[in-house]
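> Sharing a structure, written as structure tokens. Questions coming.
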Amino acid sequence: MSDENNSVNNEQTPASEESENVDNVGQDKKVDEAQPHETEEPDSTAKPATSSNNTAPSKTKIDVLLKPAGDAPIMKKKKWAVDRNKPVCWVSEFIKKYLKFTVSDSLFLYVNQSFSPSPDTEVGVLFDSFGSDGKLVLHYCKTQAWG
Amino acid sequence: MAAHSESLSWKQNLILQLKNRNKTQTQTYASLIQSNNKLQEQVSNLRSKSVHSQVEAERLREENLNLRVKVESGGGSGSGEKTQALEQKLYRLQEELTELHRKRGENSQQIIDLNNKLQEKEKELQHKDGLLADSEVRVFALRTEQKNLEATILELEATNQMLKDEHQALQLAFTTIEEKYRRSKDENRELVERWMHLKSKDADKLNEENDTFIRQRQAKLRKELAEAAKETISITEQGKALLPGIPPVCLSASVPTKAMCKFDAHEGEVNAVRFNPSGTLFASGGADRKIKLWEIRNGECENKGTLLGSNAGITALEFDLEGNLVLGASSDFASRVWSLTDQRLRHTLTGHSGKVFAARFLGDSNKVVSGSHDRTLKIWDLNSRACVKTIFAGSSCNDLVTLHGNNIISGHFDKRLRFWDARSDSTANEILLQGRVTSLDLSPDRMSLLCSTRDDSMKIIDLRMNQVSSTFCADGFKASCDWSRAVFSPDGNFVASGSHDGALYVWNITTKKVEKVLKDHNHAVIAVTWNPCGASIVSCEKSRKVVVWSDY
Amino acid sequence: MAEDREVLREIWEGRIPVCFTLAEEEVYSGEQPDPYYLLVPRQSYFPLVTDKVQRHFVQSVDPEKHGEMWLEYEGQPLKWHYPVGVLFDLFTNGNCLPWKITAHFQGFPEEELLHCPSKEAIESHFMSVVKEADALKHRGQLVNNMQKKDHKQLWTGLQNDKFDQFWSVNKKLMESSGEDMFKYIPYRIYQIDRPYIQKLFRPVTEEGDYNTLADLLKSVNGGESTDNREEVLKNRRVLIQGIEPPLETPVLWLSEHLSYPDNFLHICIVNKIKNES
């Protein structure tokens, strides 16, 4: 487990760069659906994840749409491609880093604008149950917004 | 566990498994763990107790040791007394020590208390400091505000000063202008005085001329009379027979110069006086509700009768053309007609809702027109004794005259003359004058109308042109009231009117100058009537008197 | 139904005997403290019941080094945010009684465990899972329409182990008749050393038949052949609430009755005992 996490941390920078590219592609084409996933499929970094997962999903990355709620600052790029097996806390760490949060700032993530998933929940699991239109919508805010 | 009976349904299987689970996992261990927990608790209790006892034991052991040492030392000493003394001393010292300890404790307590107090004070001080800082901030804010306000005040003062300066400048301008005004006023007065002076001089000269003229005429007359007296021809009989019935035509009226007689005619005001068409008698009407008939004989006035019936003061009088009827207007809102022969009241014409100030016969003496303060004129038919027409004049009527059988001219409070045709409702014409119209009188030739107004002037209106042809006024002449009456002389050469100051003014129409001022009344003169023969004038005043003016 | 009520009652009564010991290397003063025995409700979470354990051990550890207490079984850190029953079924295979758990006060495995700063953290985690379950069952309508005091009652019912208090509220969430029929079954399938599986699964087939536990397992394994599945099942045990429900049991019924208080049906797939090496 710890090895995997380390590798995730190492990948962090290239992954976000990639997702930026993907994001640009998506914006240019104004297409929200299957298009980005096709470009993602030949990604080599996702392979170990799929093999360990044993469920052979059709895609290894998920489009996550990050929306601010309440007083949260807006992110310039809202849509990111994230590995299926990345946990929710990875996403929140990414947002904190992106928005240059200080250590004392807290961040809350919400699915369906109703519940906040456990930080160790995998993004893929959430996408399977709560994704729509080929993407997973997560709301983030600095204070507790729902429930 | 995996093996299960086929006969059981899944649910029963499930329940069975659950029960089994709880039996093996839970119930088996429940009592065990409960007792374990209880034991553990007891153990921990016992452990703490044992620790306590150990501590106790330790303490006791120490005490024991101490005692033993004491016993040993006690046994070693020789003299018990000394020991006792020492012990006592020790005891005392110990007591002292405890006392000191206690004191020290109290002191330290005090110190603690003081410290606490100190802390409190410090806190208070801090609080005060905070307050002070706040106040300073507030003071600063107030000071800046004050500065702002001062600036505003300065500004305002500057503005004020400016305005004051302006005001002063204006005041200066005003005073100079006022000064100029006063000067010009003085100048004006001086000029007027000079003018008046010149005028009175002129008048004196004229009077002198007149006097000399009259004296010459009188002398001439006397001479003629003397001559006539010599020739004793009795033609007077004939002349007298001719007089009654035919209205005299006066070719030349003379202006009397003195009062022939003066007497109390009524109680209170005498409002109206009028000669009959033949000039043989005159009637006067007063505030005492009576009309009295008078004949002038041998320089005396003889009462020929009193007409009664009015319920309030008489305001106007008129004889019909034949001299058989007397028409009187009254303040009791009515007009009345008396017959002269039997001196009886014939008609009472009621219908106005205000005092009636004017009444005249209209046309052939079968009709009467009256003007009232109810702002209407009413035309009455004496045969039916009914009002046949009401004219809404729009203003109180003070006097009226009739012309050519159907035309009526009324003079009003609103300074207007109105011309009416008895056959139609609307005015044919209006003339606006400078003052309230008080009386109207037609000239003998019926071509001009005399109006007296409250602006203290008399006006002659040319009825053919409908415009003012001449104006008469005089120093000291002042209309006496709203119903003061002025008249033409029977020859149409003079006009006469009474004044507020009790004088009777006579103007010459051709010269437009005052011909004569006759003074014998003590009160304002209200009405004047000129004998149709032209030789005498009768005037009445506000207080009882009637004066007959004649030279003979 | 009385039977179903009995099932709920039995589920609630499930408790596991646990023997807590302090990790030897962390003993600081004196001798190794006595183990602490506790009967822990399956439905509960460890931090709700281990206050006494912590108090018992804390005297024996280095006061300067001691941090948040965490638990471990045979080298496996135990996640506090999983129900106790799930942890037990997954790691012990159900036959290690009493369950020997080691308590630690040092070396918190940051990568694997979440911190549990307070009871409120457990409550908010619990309520979040309940909401997630309701989002699957009823699109979140029931739980969001509930009053705050109902949420509180749900939590205190669990915290104080009060069956009636808990179920008087929970039965509204478990309503599955008529229009309120569960849209999807909230379930999670756990296997050792693997993230749990959670997917959308409808309680009835398109033909209107009830989906069974077997159908659920088949759908989760996706493309695997039936042979493979049978083989898999031959070597594995499917544990829910510590028992192996018959595979023909309808999943809807399981969800209604065998779900944990967080409204999820937690399913553990473990190796059969004889196959363990």
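Every residue gets a Cβ built from N, Cα and C, even glycine.
Automatic prediction, not curation, is the source of TrEMBL annotations.
Quick paste from TrEMBL:
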DOMAIN    C:11-105  domain 'Autophagy protein ATG5 UblA'
DOMAIN    C:120-175  domain 'Autophagy protein ATG5 alpha-helical bundle region'
DOMAIN    C:184-269  domain 'Autophagy protein ATG5 UblB'
> When the domain 'Autophagy protein ATG5 alpha-helical bundle region' (C:120-175) is classified with DSSP, how many of its residues are helical, how many are strand and how many are coil?
47 helix, 0 strand, 9 coil
> Roughly where does the domain 'Autophagy protein ATG5 UblB' (C:184-269) sit in mean pLDDT, to the nearest integer?
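Mean pLDDT across the domain 'Autophagy protein ATG5 UblB' (C:184-269) comes out at 83.
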> For the domain 'Autophagy protein ATG5 UblB' (C:184-269), give the DSSP counts of helix residues, strand residues and coil residues.
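Computed counts for the domain 'Autophagy protein ATG5 UblB' (C:184-269) are 27 helix, 24 strand, 35 coil.
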> Sort the residues of the domain 'Autophagy protein ATG5 UblA' (C:11-105) into helix, strand and coil with DSSP and give the three counts.
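So the domain 'Autophagy protein ATG5 UblA' (C:11-105) is made up of 27 helix, 28 strand, 40 coil.
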